[in-house]
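Quick notes on the structure that follows.
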Amino acid sequence: MRYISTRGGIAPIPFSEAVMMGLADDGGLLLPEKLPQATGEEIAVWRRLNYPDLAVAVLSHFIDDIPAADLERLVKKSYAAFQHPEVTPVVKQGQCHILELFHGPTLAFKDVALQLLGNLFEYLLAKSGGRMNIIGATSGDTGSAAIYGVRGKERINIFILHPHGRVSPIQEKQMTTVLDANVFNIAVKGTFDDGQAIVKKLFGDLNFKQQHQLGAINSINWARIVAQVVYYVYAALKLTGEGKAAQVDFAVPTGNFGDIFAGFVARRLLPKQIGQLILATNENNLLTRFVKDGDYSVSGVRPTSSPSMDIQVASNFERYLYYLNDQDAQRTRQEMEQFAATGSLQFDPARLQRIQQDFASQSADEAATKATIGDFYQSHDYLLDPHTAVGVYAGLACRRPEVPLVCLATAHPAKFGQAVEAAIGRPPELPPPLAALAKLESRCQVLPAEEQVIKDFVAQHAL
Ligand SMILES: *Cc1c(COP(=O)(O)O)cnc(C)c1O
């Protein structure tokens, strides 16, 4: 399987190169030349596999340049870091099958992809003899999953900037109690946007980028998408088959469109077993407007109780646009350039019809999110985190009565204690890994929000 760019500007490359490239060199996003479909025989075999073995089988459709035994070792190592024997268990609660994606080391679904990505980076760098300095800015949640993905890895250092005093105590502790020598937490005296702007400048300085082999770990890396395809397949095969339902629908709390795009790829693999993909948004409902009205226009970001979905533009949207354009890279590039210039794309009725065949969508405002957490707790004695609650709300709104509804649970409720407390009147209990954080030693560098200061710090500590 080789990889091409949504903008058509690179020669096809193997998976390993796609992982190391991240963003395509022509500014587009990388995609497989052809999306695979599983055969009936394969599906019969897959139904009997545990999560890590299923992951190897699914990934093998997308990765043919890593020897099978190596891939198996990397996958097993990645998912051994999860607390639950099933890795991503499915639990029935009322009308929803909750797909719990939060059993990884930081209790967030991003672990599913970042554990594998960290191991892939280490493996590929060992092969090439290279090194990598990962730099990223976080508003709280992604940073810890990225840090846990690469802590202690050879040939990799990671620098994560967070806004000093502006992330929740749990989030701060999750990041700063990782004491491995290759992990550098930087608390920037400023906002998340200040940190983000500095990171962009460091990547924009091509000399600096080259000299220090800067790497990114954001959600546009293809390896992250493909790792997420696996749990859709896992849940779909668990709930369908002889004597069970024919197909299932998925409700997906969406921000940057990475997770739901993984669902789109999974449905190409299993077109019979996967039905509706329900794209759930919070008050930042750009993508719901896109699905309902064919209007993809930026507006300001409003902070909500589900911060990982507070996005202005969806960084993986271009991947779907490419398929909507019947893989016309020229048209995709033109439209993305138009979007960059005007902040808006409009879709005509013919394309809107296709979009609505591909996705259903519903947005949940803050009141609906809070009510969903409260109602779900009352009815099922089960706590949803606010991101998951947005998905459950949208899922129930778009539910087809005869089709099992799988709702993706993207974070453990204890990570968003304030929102949960506001909904049910008491804070959630902390699971042992979070309760233990308070007592752990932490390490963090506090620096001013100045490009040169951060640059000097990175240069001094880079591999
Ligand atoms: C990142 C994140 C999301 C959104 O996922 P995308 O792939 O960006 O659409 C939803 N919930 C949680 C908890 C997240 O961390």
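The backbone N, Cα and C atoms fix where each Cβ goes, and this holds for glycine too.
Annotated features, as they stand in TrEMBL:
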- 2-79: domain 'Threonine synthase N-terminal' (DOMAIN)
- 100-332: domain 'Tryptophan synthase beta chain-like PALP' (DOMAIN)
- LYS110: N6-(pyridoxal phosphate)lysine (MOD_RES)
At a 10 Å cut-off from the C-beta of LYS110 (N6-(pyridoxal phosphate)lysine), count the other C-beta atoms across all protein chains.
29
Helix, strand, coil: count each for the residues of the domain 'Threonine synthase N-terminal' (2-79), based on DSSP.
36 helix, 9 strand, 33 coil
Summarise the model's confidence over the domain 'Threonine synthase N-terminal' (2-79) as a mean pLDDT value.
96
